[in-house]
Amino acid sequence: MITTLAIMALGAVVLGAALGYASIRFKVEGDPLVEKIEAILPQTQCGQCGYPGCKPYAAAISAGEADINLCPPGGIDGVRKLADLLGREVKALEAEEKPKQVAIIDEQTCIGCTLCIQACPVDAIVGAAKQMHTIIEPLCTGCELCIKPCPVECIYMLPIAENLDNWKWKYPVIEIKRAA
Amino acid sequence: MLRQLFNFKGGVKPQTNKAPSVQAPIGQAPLPSRLYVPLHQSIGGSPNPLVQPGEQVLKGQLIGSADGWLSAAVHAPTSGTVLAIEDHVAAHPSGLPTLSVVIEPDGRDQWAARRPLDHRTLAPERVRELLRDAGVVGLGGAVFPSHAKLTAAKTVAVEQLVINGAECEPFMTCDDLLMRERAEESVRGIAIFRDLLAARRVLIGIEDNKPEAVAAMQAAVLQLGEDYEVVAVPTRYPAGGAKQLIRVLTGKEVPASKRSTELGVQCFNVATVYTAYRALAHGEPVISRIVTLTGNVEQPRNWEVRLGTPLRDLVALGRPKADTSNYLMGGPMMGFAIPDLAAPVVKATNCVIAGSPSLFPASPPEMPCIRCGACAEACPHELQPFELYWFARARNFGKTQEYHIFDCIECGCCSYVCPSHIPLVQYFRFAKSEIWSREREKQAADAAKARFELRNARAEREQTEKAERLARAATARTAERKALPVKADAAASQPAASVEAAVTTSPVDAEAVKKASIVAAIERARAQREAVQPRNTEQLSAGQKKEIAAIDARRAALADPAKPADATSERTGG
């Protein structure tokens, strides 16, 4: 009887110690789900979802506060991936999907106020006070956050045209057989 | 002794259709009225233009310098005037424009200075550089810069150098004619590659449907006294694929994860070898190439065409028949329909085929996959095209990668044998380019995220710095306010004040100035120290007040020897 109790107690102590050790040794910092969600989001940091960046939106999705269809730059493809990851239903996008675009500064009109530089979340605008600003196109994520602050309305969005570098083979079109 | 040949799995035997274009020798295509030389003609970096509109250029003059190591230079194909550097339609399935140098030939075809060199007298590094600057790229169609393939693996010596003269694509005969007519120069060129790679054996693989080419190469090898082996390989598409030819000649199977040099073997196209020889031994960069013009034309033939010649000018040489409906660049298996005949001949243009409804009947409608497995039997890379097809069709790109879609060489065997006429290769190309574009987007997103996080960190740092600065300024201000009455008191009685006064009266005395500034600094520090307001000073008990008074008295006593008559300590104490 005593031996049995001793064995059980010993087992409990050993297993408890092992679990306690494992919880410290293998502690996961942060929420891995948030990271996975964030990896799917397009990192435009545009705030169109209503959250101040992609990470807060990811956290909100993970916490169940936000829906998965609030990210227009991610498009329906992004919604599909999020639905796959989270096991939710695919929903139509809240806003309409736009083609990928870049911001362009009309350098003739720019007065060098630096407001757009402060607004750009990804440091894609160069310039200095009272100097002309310009956008580094490859770095621009097309978030449109620079358009509103511009006092002279010299920034506009331009859809990215197809060129040899971003050209893709198209999905083969299946011709429907003509009815005789 | 007959060499033992190996076999590769799969493959097909389409009708070769090579006979019409080998009747006539290689012709020299006439100078067109305009040349459109695209700057980006090879894999790797896009060369930077070196000429200005209006500039006179000579034949062979460098007009685009290689951008980085993996890139190849571009040269003027004839002498003339640069009219513009502008976007011109590319020889590409998309028909999109690419930056091109437009040259109006002056008709004199005058060479720039050529420097013939012997590669044996040069350092290998220098030879690679020369090849890059001469624009030598793989002319089999992949246009990979050749110099980048001329480095042996660190641990494995190059056992065999394979020279690819198989030319397995139907209709295409440009390598055949090159080997027949220019065998000697091609064989001489092999020595360059052999020496750079320090290859022990050289195997020249030619499909056995080209006996004239085999004989010509054998004669040239004999004449030059080399120990190269000219091997006739069985005619079966795609025996001319690098991995297939290596397999047939050496029995080595190059796995997807490795380069062929890691197995001690490297493969070059015979036309590449020829251009490398011209580049070094004659100082002539790659400005032209041999193009097969065949199909639905009156005069099928091989032409030596200057790069940049509009395809319209080239096809006119063959006099296309009236019912010609479209043109293909490359062979019928791997080529693509040319969207616009204004596109120029480039280094990758090995063959132009005029098509007609009778020559290439429209493909019957696509039927559902019946899972017959014919494509898997035909695949020379032992993939499972039907699986890839389902996943590509469902846009399940992760799965296509699991089934090794990037091992697919797009040879077209699977589409060729498919009884349901499914354009399988189209699906694979679609999946591949979609995967690439997603990877690019992912990289861009990761970079954007990193910049965003850096920016946030910077903003946070700036904010804390600003807060600290403000706090410091605030304390300094309160200290000043406290210090002002102190100074007024001190000026009346302190010796420090008299020193200051002395300084103002005799400013020339440097020593005095120094002392005065030290004293002033001590004064400031003291004022700051005293500016610290004692807290919780209200509602003190009598005992606490007594204790504070005692401490202050001790402090005053300590300060006494340095500064007698400390008025401020009395003030704070009281």
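Just so you know, glycine gets a Cβ as well, placed from its N, Cα and C.
Note that the coordinates shown come from a computational prediction; the quantities given were computed from them, not determined experimentally.
In the record from TrEMBL, residues A:C140, A:C143, A:C146 bind [4Fe-4S] cluster 3; the candidate from A:C113, A:C120 listed for the same site is A:C120.
Annotated [4Fe-4S] cluster 1 binding in TrEMBL involves A:C46, A:C49, A:C54 plus, out of the candidates A:C71, A:C110, the residue A:C71. For A:C54 ([4Fe-4S] cluster 1 binding site), applying a Cβ distance below 8 Å and a minimum sequence separation of six or more within one chain yields A:E38, A:L41, A:P42, A:Q43, A:T44, A:Q45. For A:C140 ([4Fe-4S] cluster 3 binding site), the spatially nearest entry among the binding-site residues A:C46, A:C49, A:C71, A:C110 is A:C46, judged by CA separation.
In sequence order, the binding-site residues near chain B (CB to CB under 8 A) are A:C54, out of A:C46, A:C49, A:C54, A:C110, A:C143, A:C146. Taking the Cβ of A:C113 ([4Fe-4S] cluster 2 binding site) as centre and 10 Å as the limit, one finds 17 other Cβ atoms among all the protein chains shown. Excluding A:C120, A:C140, A:C143, A:C146 themselves, the residues of that chain whose CB lies within 8 A of the CB mean position for the [4Fe-4S] cluster 3 site are, in sequence, A:A103, A:C116, A:A119, A:P121, A:V122, A:A124, A:I125, A:I135, A:T141, A:G142, A:E144, A:L145. Looking only at Cα atoms, A:C146 ([4Fe-4S] cluster 3 binding site) sits nearest to A:C116 among the binding-site residues A:C46, A:C71, A:C116. Closest to A:C110 ([4Fe-4S] cluster 2 binding site) by Cα-Cα distance, out of the binding-site residues A:C46, A:C49, A:C71, A:C143, is A:C143. The CA atom of A:C120 ([4Fe-4S] cluster 3 binding site) is located 18 Å away from the CA atom of A:C71 ([4Fe-4S] cluster 1 binding site). Neighbours of A:C143 ([4Fe-4S] cluster 3 binding site) among the binding-site residues A:C49, A:C71, A:C113, A:C150, defined as a Cα within 10 Å of its Cα, are absent: none qualifies. Taken as a whole, the region 'Hydrophobic' (A:1-23) shows an average pLDDT of 95 in this prediction.
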